[in-house]
Amino acid sequence: MTGAPPYNPQSPTQQPRFPVYSPPNKNRSYYPNNDQYQQHAPQTPPAFAPQPSLSRSPHYSHAPSPLPATLPPLNGGAPPPGHHPEPSSQYQTHSSAGTPQFSLPRPYSASMMSSNGASSYNHSTASHAHPSARLESLSQSPPKKETEPLYPIGGNGAPGYSSSMMREPRPASPPRETKHARAADPMSFASILSGPTEETSPIKQPSLPEALPGPATTITPAPPTLAPVPARRRLTPPPVTHALPPTSQLKVKEPEPISPAALPRLEKKPSAEKRRRNVEQEPKSAEALPVASTHGAFEPTKAARVSNRKTLTERDAEAINKIIAEIDNADKSDVESPGFEVEYGRYMVKSKKRALDAEKAEGIRRKRRRHDFLVKLGKTFEKQANAGVDRFRAANEASVIAEVQAKEIQDEKERKKDMQRKRRRENTVRLEMQKKLEAERKANKANDAAEKAKFLREAERAQRKIKSTKRALEGVTSPEEIGEVTPLAPNLEGGTTSSFHIGRSSPSRRKSGRSGTSRPKKSKEQKQAEKDAAEAAYAAMENDEPLPLAPKEDPRKETVKKEAKGARSKETTPAPVSAFESKGYNQIYEQIWRDIARKDIPKVYRIKTLSLSTRQENLRKTAQLASKQSRKWQERTNKSMKDTQARAKRTMREMMSFWKRNEREERDLRRLAEKQEIESAKKAEAEREANRQKRKLNFLISQTELYSHFIGRKIKGAGADSSGDTAVDGSDETIQPGKADHTIDLPPTVADVGAKVTNFEDLDFDAEDETALRQAALANAQNAVKEAQERARAFNAEENPMAALDEGELNFQNPTSLGDIEISQPKMLTAKLKEYQLKGLNWLVNLYEQGINGILADEMGLGKTIQSISVMAYLAEVHNIWGPFLVIAPASTLHNWQQEITKFVPDIKVLPYWGSAKDRKVLRKFWDRKHITYTKESEFHVLVTSYQLVVLDSQYFQKVKWQYMILDEAQAIKSSQSSRWKNLLGFHCRNRLLLTGTPIQNNMQELWALLHFIMPTLFDSHDEFSEWFSKDIESHAQSNTKLNEDQLRRLHMILKPFMLRRVKKHVQQELGDKVEKDVFCDLTYRQRAYYTNLRNRVSIMDLIEKAAVGDEADSTTLMNLVMQFRKVCNHPDLFERAETKSPFSVGYFAETASFVREGQNVDVRYSTRNLIEYNLPRLLCSPSGRIDMAGPGNEHAGFRGKYLQHLMNIFTPENIKRSIDEDGAFSFLRFADTSINEAYEQSHLGVFERAVRRRGQSNRLSHLNVIYDDEEDEKTSKFVLPHSLFNIVQRNDRQAVRNVTVEGYMRDLMNVSEATFERDGLGVIEPSASPAASAPPITISCSGQVALRETQDTFFNVSVRHALFSTPSRQMEQQILEKKLDPAPFSLPPMLPKPISTKGRYTHIEVPSMRRFVTDSGKLAKLDELLRELKAGGHRVLLYFQMTRMIDLMEEYLTYRNYKYCRLDGSTKLEDRRDTVADFQQRPEIFVFLLSTRAGGLGINLTAADTVIFYDSDWNPTIDSQAMDRAHRLGQTRQVTVYRLITRGTIEERIRKRALQKEEVQRVVISGGAAGGVDFNTRNRESRTKDIAMWLADDEQAELIEQKEKEALDRGEVFGAGKGGKKAAQKRKKDLTLDDMYHEGEGNFDDISAKPSGAATPVSTADNFGTPSSTPVPKRGRGRGNGKGSSKRAKTTTERLRLIDGDGGLES
């Protein structure tokens, strides 16, 4: 394995006891790149890894680089030197700078692997080569420096701890003069590396470790003097193994001194003789041994040599020889004395033992290092492998995911195809089974044998088709029977244990080389011939004729011919050996061979090949059968049993499926028969029920008709005879309040004394004879009349007996006949009643006298209010009945009622009953319940209140007996199930009068509720009557047939006595016309995108099915969807408003931990700072750091001011004068109109001071150029004075005359258009682009107070700010006022120019474009054009909306167009409504009145407007009619134009169509018009919900839904009712109508949930206690009422559909 050792920061096998390596010092002449590590080339790992301390070094803690050794150093480092030492110089010496010179060990020689470039440890020499002729493969450990720890070996061979491990690693110290000290322990790591301690070399330098325990001591050497050495001494190896450095290093650094630690420190030195003798006693063979350490540091025949060694001179040689001779002649030491050999031998034994121990310890270390290296190398490879996996994954993960997804999609497609294929096959099996059964049935019935055989063949054919299809369904692809392949019969009893012949096909008879050829294409003629042949064969099969078989053709015939032609040999056939050699003979011979090769050989080859393949096939089959037969003895398995069980199970399944199918068919037939019977029974029952309902209806109409006749004849008297109504005679009697026993004599034509009142439940409607029903109806009508009389008589009888004294005043005993005497207008009424209003008064008075309630249904604007007030005035004036009267009206008309009563009848006192609960409690003190008779002096006569307060204080109202109760806008009680209707019905009142302009709003059930309210006993809420209204009329409307004219006529007859209705065009001729126009708008691109996206999210079919179920939640969801679509049509900003944009601000903003400690006002105007700040020293910002500012710390300021600004300044007056006199540099001043002093002053002033002084100079002469400008006289016009020759701008700034006056009233008078242009904001320009980011100016930061104070003085200088912005300070303005000075000199124009963008001012904040706001909506764009035309024509507009949020957006638009407007919706306070209406009526400058359709369409008079615009229409046309009649009413003198904005191709068109149908209902029922094709919209809840769902569909979807509905109706099913049956059975929590859901949150005055939006018009946060709409809302939460709180549970799919646009709900 090759590669550099992995230098990880912490190896997992390192022991914690190893000390940390101290990194090398960088303070040296060459440290490549100053990086933490160097890359290394791959190397073979050494015998032992570097020291653990080295591995832990942060400078060498990275994985090896895979770069080759030839790469240059990184980051421009110094390249390795080219010098390589000798092969023997294995290790580098330490440098003099103390940097450890470790090199990477290499086990190979320089001849096998070259050097790896730069040293990894920053050596100046890069070679790591070893001796080339080394015999061992172990490498030498690198030498250690002085400060490196030692690793001694203990006595048992285990590694011990050195003293250096207890100290922190320290950096390398500079070299000292001491030599290396050899370790005291010869077995330590440094000791082994420093001396020749090999076992094979007996000649060693002895050392005694036992004598010197502990760390090695150093010996200070003597001065380096050389002595002559004998030749035998030179053969002794050196005491250390350190290689000497090269000569280049010896020149710069001193050589590393040899450590004497290898020598024992003896007190007495041995003599030279003894040492020489011991040396001579060594065997001579030691010279041949390698003089190297244990690890092979030196070669056997080579010693470490020093390059460039100095040659000894003769004098030196003589001195050395002399010293050697003295040593030889010296006395022998104790060591050389005899007897030391024993000690020497003992020492050698111990040395060998130590060497063995060292080798053992080194082997342990080597194994550990090898293990660590392999672990690290494995981790490195694992890391590289993981990196490779990551790279592969990053490169291919996306494609793999895409491939997997594509495969999944393809699998899903295949699965769907398989399912479709399976279904088709199952259908095929079912159909073939039917064919088979039908054929067998026909065969059984057939009499002719041929016909029976034909049917049997069809059955057999169907059976075969069923069998093959079933096999295809089961997935069986093998041959059907074994006998078709083998000649033997199939073994059905037992199985076989071999699968040799299963699933293997016979070998192909064609060669593999021909399998890839494509089939030749057939021509059209061949295809047609094949089709004809197939048809002929099918016809023959049908006729049982034998099929004509064509001769079998060889399919390869043509191919072989073509191949034979192509393969025809062009070479001549070799001539046979013959005696004839003529040319003709050879030609004939070759021709014969060619014919044979072309014709016979391919044929013979084919025959042979076919024969061979047949024989091989037979042999294969025979082998298979033989193999099967030979293994029959192994067939003793349970396969036969399993096959039997499988066949039995399959048979059972087939039987079960057959019987199930048979039972299902029988059950279907039985159900079909039962269904037909039930349908026929239903039809019969429906016919009987229709007859029964018809009799019920006839009874109810007859009863009501008789009552109407009684009342009509009573009111009309004899006048009824002239009208032709002779069914009932009239009567002139009235109810007299004074006599309790008075009765009205019924006419003799209908009076039946013996008639018996019958309950409705006891009547028999099944009888064919209707005589009993007619008698019961007559009796019930008589009883109803009597009850009405008794009720009125009882109310009068309960009056105070004191009223009998004034019986002459209460003239109820002598009523007048309507035909003889007409009631005149009351005198106390200040207004003049019109003719039709006087007739209405007569009708109301007659109703009151008869004790009958009525409905005044005049069209809006005809004066229903004044007619009601005239009735009260009549009762007070004629009959002295002063009340109490109760008027209940919507909240918006309360003030109007109070004002009208006070205005027209001042004698009648009005009590306005509204306000908070405390206010109402005070008002109730005026109710005098003790005195029933109210007089003219009573506290009040009429009480005016609202519907909400009536419900709240119903317990107080029920205690009072009211003479007359008037309900204004009576459609508020259209629901007989509401609490309002029930509370009002329970009040004690003599008569009730309902005022409504629209008696029929949505359906006829509302009209029936009003009739039931006025006559509860007669117009009872019978279910049959309501059912007739809801079903019978609808059935006629759906079938587009005419309604029963007799029933419609009788219905009108019912309504005539109780309801009076007049239309404007019939009674009011002076009232202007009303023109209605539908303005169609198109969707914009944004609206179309929203609309399409919204429709794509919703399934119309699901909505239809849910609507058929009729669930409450689904209905609410549907209405939410309708609202979302209407929002899109109105404006897309109802979903999402355009945001205000601003560039990204690169800066710091003010922050605070808490605003509590910041005080009341926090000034953050100058708290924004730039991210870039220049931090300057405090000295530089102080006066001491600037040479031009004098101060205690600046001594040079005076010098600069004296010499630089005065002596050396060229702008001094003396220098300028001298220069002008000498025509020098300043001679131009004479032409610039500048004096010497002015030039001197300008040189000492800054730019800002000069600009301020320039602004103060007036240029009045230039204005005169306009007057004295003479274009003809060129001399005069171009005349320039010499002293102002260079002043080009001063007198050439020509301006218009209107701009000459820059201030005062004259400028305003001369610039009216410009001032108007600027004031109206017409010059506002929107910027076309904005920067992406902005930042405050870069500031200078200094920590000194002086710099901060100077910065603030500069930025907030009052004089500078006044000059730049021309805004005088508050103190200056106060002084101007106090001293009464002229403000003109102090109001100079600002010096800063106007901003580039007038719209954005000095900022880049972009407000959403109003132009885009207008063009984003098709309606708003069309409205913009329309309002512009109306404004130019002097019209005033009422603008109606359905959504209050749209009103908020419209306020922004009107502000943008500068149209004055006022607003009124459900959130407007009661006291503000009156003032708002009065302002619009009295101030012509108000152009637009914004109103909510439900809030602003009731009871207010807005005749000042002549144009009504419906931004979005209501689906109830009566609401829109009421809204437009606010302007088209009495008092309107101009023509009223109504514009209705409709978005083309959307839901609004369908809503408008539905509204037109409702208008037709009103026309038919009220006016008596034709009823053809009218949809009365009285269907049940589910049908109406389905109609709403149909609005969301387009024309194609609607057509498809209608087609499916028709198909379901043909099947006798209800479309969409098959799902969700359980949901339909759920009980609804609240019967909330679709109309209520649709208008939820629209701002209806009667809606207590209406809240002010506050989006565009600020509203007060205080509780509106003064308005009737401020009803306390129940608290939200569990058990706290019906408040709608936001739920934290997960949203269902239905709820998510409601929140499509993130807006949710129906709130607009």
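Heads up, the Cβ atoms here are built off N, Cα and C, so glycines get one too.
Swiss-Prot lists 24-37 (among others) with the feature compositional bias 'Polar residues'.
What Swiss-Prot records for 88-102 (among others) is compositional bias 'Polar residues'.
Residues annotated as compositional bias 'Low complexity' in Swiss-Prot: 108-122 (among others).
Summarising the annotation, Swiss-Prot assigns compositional bias 'Low complexity' to 211-220 (among others).
According to Swiss-Prot, the compositional bias 'Basic and acidic residues' annotation covers 265-285 (among others).
Taken from Swiss-Prot, the feature coiled coil covers 395-478 (among others).
According to Swiss-Prot, the compositional bias 'Basic and acidic residues' annotation covers 408-417 (among others).
Here Swiss-Prot flags 426-463 (among others) as compositional bias 'Basic and acidic residues'.
What Swiss-Prot lists as compositional bias 'Basic and acidic residues' is 523-534 (among others).
Per Swiss-Prot, the feature compositional bias 'Basic and acidic residues' maps to 551-571 (among others).
Positions annotated as domain 'DBINO' by Swiss-Prot: 592-717. Mean model confidence of the domain 'DBINO' (592-717) amounts to 81 (pLDDT, 0 to 100 scale).
For 632-646 (among others), the entry in Swiss-Prot reads compositional bias 'Basic and acidic residues'.
Residues annotated as coiled coil in Swiss-Prot, with sequence analysis given as evidence: 634-706 (among others).
Look at Swiss-Prot and you will find 845-1017 tagged as domain 'Helicase ATP-binding'.
Under DSSP, GLY863 (ATP binding site) is assigned to coil, being neither helix nor strand in the three-state scheme. Summarising the annotation, Swiss-Prot assigns ATP binding site to ASP858, GLU859, MET860, GLY861, LEU862, GLY863, LYS864, THR865.
Swiss-Prot lists 1658-1672 (among others) with the feature compositional bias 'Polar residues'.
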Using the recorded ATP site (ASP858, GLU859, MET860, GLY861, LEU862, GLY863, LYS864, THR865) as reference, state which further residues of the same chain have their Cβ within 8 Å of the centre of those residues' Cβ atoms, listed in sequence order.
-> GLY997, ARG1529, LEU1530
For the compositional bias 'Basic and acidic residues' (523-534), give the DSSP counts of helix residues, strand residues and coil residues.
-> 11 helix, 0 strand, 1 coil
For the binding-site residues listed (MET860, LEU862), most other Cβ atoms within 10 Å of the Cβ sits at LEU862
Helix, strand and coil totals (DSSP H, G, I; E, B; other) for the compositional bias 'Basic and acidic residues' (426-463) | 35 helix, 0 strand, 3 coil
GLY863 (ATP binding site), number of other Cβ atoms within 10 Å = 21
For THR865 (ATP binding site), the same-chain residues 6+ apart in sequence with C-beta under 8 angstroms from its C-beta are ASN896, TRP897, GLU900, ASP968, LEU995
Do you know the DSSP helix, strand and coil residue counts for the compositional bias 'Basic and acidic residues' (408-417)?
-> 10 helix, 0 strand, 0 coil
In all the protein chains shown, the tally of other Cβ atoms within 10 Å of the Cβ of GLY861 (ATP binding site) is 23
